[in-house]
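A.B. asks: First, the structure itself, so that you have it in front of you.
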Amino acid sequence: MITKLLTKVIGSRNDRTLRRLRKIVKEINNYEPTFEALSDEQLKAKTVEFRQRLEQGETLDQLLPEAFATVREASKRVYGMRHFDVQLIGGMVLNAGQIAEMRTGEGKTLTATLPAYLNALAGKGVHIVTVNDYLAKRDAETNRPLFEFLGMTVGINVPNMPHPAKKEAYQADILYGTNNEFGFDYLRDNMAFRNEDRVQRERFFAVVDEVDSILIDEARTPLIISGPAEDSSELYTRINALIPLLQKQDKEDSEEYRGDGHYTVDEKSKQVHLTETGQEFVEELMVKNGLMEEGDTLYSPTNISLLHHVNAALRAHVLFEKNVDYIVNEDGEVVIVDEHTGRTMPGRRWSEGLHQAVEAKEGVKIQNENQTLASITFQNYFRLYEKLSGMTGTADTEAFEFQSIYGLETVVIPTNKPMIRNDMPDVVYRTEAEKFAAIIEDIKARVEKGQPVLVGTVSIEKSELLSNALKKAKIKHNVLNAKFHEKEAEIVAEAGKPGAVTIATNMAGRGTDIVLGGSWQAKVESMANPTQEQIDEIKAEWKLVHDQVLESGGLHIIGTERHESRRIDNQLRGRSGRQGDAGSSRFYLSMEDSLLRIFTSDRMAALIQSGMEEGEAIESKMLSRSIEKAQRKVEGRNFDIRKQLLEYDDVANDQRKVVYELRDELMSVDDISDMIEHNRVDVLQGVIDEYIPPQSLEDMWDLEGLQERLKNDFDIDAPVKQWLEEDDKLYEEALREKVIDTAVEVYKAKEEVVGAQVLRNFEKSVMLQTLDTLWKEHLAAMDHLRQGIHLRGYAQKNPKQEYKRESFELFEGLLETLKSDVVMILSKVRVQQQEEVERMEAQRRAQAEEAARRAQAQHASAQSQLADDSDEGHHQPVVRDERKVGRNEPCPCGSGKKYKQCHGQIN
């Protein structure tokens, strides 16, 4: 009550922010007459002036009013477009490192030019991040004339660019690119072997377009660069043949109930589980097919990889549907469909062997499983930027998540003109067939009066179902889904014409405005060298059509189903009513829709259906509230999943930072001999401690063991026993020093033979290669640990704390192994000449380039990344067939030493 009263009196936080920014808008507007009087040359010279003032100590915030006024004036001269006051406010919000919620059609692309120009003055580069290549190229080419007029360079960062072109693009003042490509470049740079192979500069300022799509919808998708693991394609095919023999069971087994089905499906968490009967049946089938020995079980350690294949095949058949979750393209490849945008994602593959299982199910060529070489989530990549900001039409529903995870405040920017779109209440039908019949009738009525219609569907399958129904009704229409995405811009340009009907999956076409009356620019672009007279004629024709569409009611939006997220529904609605245009929207639902079926209570469903007749619809506030409640529930669960993923990934992220900082250090210096020397002393001290325990009696010393170890592991002839016999004054500390001095002398002798420079290059090469190999193995070990950590909860332990503790132990082990491996390799290697070092470097570089070419974002399903929800990890590059030997257990070789002090040092 008091809070509401205070808000009325002093305004909300958003209102107060806008009041403060409007004062600066006045300041910018005051510069307008002065800047209008400047010649083009004087206006261009402002960039040089601003850079000089920055060098003299002025801040970007102090320059902001003049810089924004400069961009506005340049835009008027280059495009004939003047930034609205609300766009200036949006630009200031972005410059402050916040999220600007701007409605569709309010000119986000032009708004981004303001903070991009201002921050580019610092000379550190500005990254403008888009969701796909088309938007990156379009926005870069659209804004290039403006930035070049002001003396700024513009670059584009898209996949498959030649290395020199990519490196040059990163030197541009303002760089447009996709989120995937920026993330992959970061990972590739941290696999590079020489400084000149890297492309990225420091990460200074990023403006993320469609920020909700990138930082929330894709937050659960790690970017992974992977290399091929062992080939097991035949096994996928053989296990795939068994899955159709399994029967679904509706209810989980319990103490009171044991069903006769083989698996159960949990639709809420999108998981599938074998029942006890199912496990026994699968084991019988495995034995019959020669995949398992008689009497063996799926859950024995040696069969873990078989269990992994069965789970993957079962999920592929039961949970993943063709034309909904993926399509099979003309080349016979399984291509993932993004559940949020409805776009295909070529090059991305599901992990955990799921992609191979789907390939086996569809009978196409099975590609090898992959092993992770480098990985990062978008959450952690974008947090590397000194300043991060974003734009979207719908961020307010996720404002809490932006604030808690990224520290980004959301500011809702007012529209330039009042919004007059009519959002009608939802209507609910009993069945999907009745719902589609009502949609067809609505479309017919609107087409007859010349009103354009955009129909949003949740999957390719539903869009094709509706398309077939429209064909039967003889209604002309366009389909915009993952199968036709290359025609996207063309279809969107036509979607605002009188009577046009467009079916789009989710947010396909997002980022491109639907202009009422169609796009006159598209018509001009299709003409060869049009005259000004022809352009004016096209504009006049368009104006007549535009007014006709406005009279018919503007663009009408039909939602065929509610999405799990209110934000996606709002995005669909937001396609209509741009720039104060007329428009309307309505969602048609049925009790068979996924959201209502899964999340509406049985009582509510029975209540609704009891009084309904065929073809009858109901509109009810209670039902709308119930649907919104279900959506909030799903959003809350998805937020918890993302938050939990981040908490686990933060552990790996801290380790990633240490490894990448070490790599940076190694690559930035030519001579690491001091580091090698320090490591040699550390490693040898540790080895000597094992055989001559500190402050121990001579009777406890194992001198023969020490001599043998020094010879085998470090190629050092140190007759320790003989030294002691010859010099009875040689005590423990002096003996240690003598062993280390001998090792140093042996290494120096090697240096004299091959030359200091050759050895320096070789040291660096060995250190980098060993670090990369160990890091790759460490990522696999971390995955392995992550997959089973939730089971610790059953032992009354906190899985997160256990994960932190054990991953820290693994990481300590990595650093120790790195030291010992490098010292052992350098001690035993015989470098002949410079050519060998160069050959090794070339080989290592070729491997890194090949891995980089194979870069792929593996789509990890949200559920498989939940620690305490599932026993499947978020990808499974390596499955161990034998039990792992503990570091402190006796070594299997029979030496009597601990594993970590014997063969564990080699492995």
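Backbone N, Cα and C atoms are what each Cβ position is placed from, and that goes for glycine too.
Heads up, here are the entries from Swiss-Prot:
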- Gln87, Gly105, Glu106, Gly107, Lys108, Thr109, Asp513: ATP binding site (BINDING)
- Cys891, Cys893, Cys902, His903: Zn(2+) binding site (BINDING)
- 841-853: compositional bias 'Basic and acidic residues' (COMPBIAS)
- 854-865: compositional bias 'Low complexity' (COMPBIAS)
- 872-887: compositional bias 'Basic and acidic residues' (COMPBIAS)
- 841-907: region 'Disordered' (REGION)
A.B. asks: A 10 Å Cβ contact count, applied to the binding-site residues Gln87, Thr109: which residue has the minimum?
C.D. replies: Thr109
A.B. asks: Hey, what's the widest CA-to-CA gap across Gln87, Gly105, Glu106, Gly107, Lys108, Thr109, Asp513, the ATP contacts in the record, in Å?
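C.D. replies: Largest Cα to Cα distance for the ATP-binding set is 17 Å.
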A.B. asks: Setting Gln87, Gly105, Glu106, Gly107, Lys108, Thr109, Asp513 aside, what same-chain residues sit with their Cβ within 8 Å of the center of the Cβ atoms that define the ATP site, listed in sequence order?
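C.D. replies: After dropping the recorded site residues, what remains is Met102, Thr104, Leu110, Thr111.
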A.B. asks: Cβ atoms within 10 Å, counted per site: which of Glu106, Asp513 has the most, among these binding-site residues?
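C.D. replies: Neighbour-count leader: Glu106.
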A.B. asks: Near Lys108 (ATP binding site), which residues of its chain come within a Cβ-Cβ distance under 8 Å, counting only those 6 or more away in sequence?
C.D. replies: Gly90, Ala100, Met102, Asp209, Met391, Gly393
A.B. asks: With H, G and I counted as helix, E and B as strand and the rest as coil, say where DSSP puts Gln87 (ATP binding site).
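C.D. replies: The residue in question, Gln87 (ATP binding site), is helix (DSSP, three-state).
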A.B. asks: If you draw a 10 Å sphere on the Cβ of Gly105 (ATP binding site), how many other Cβ atoms land inside?
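C.D. replies: The answer is 21 other Cβ atoms.
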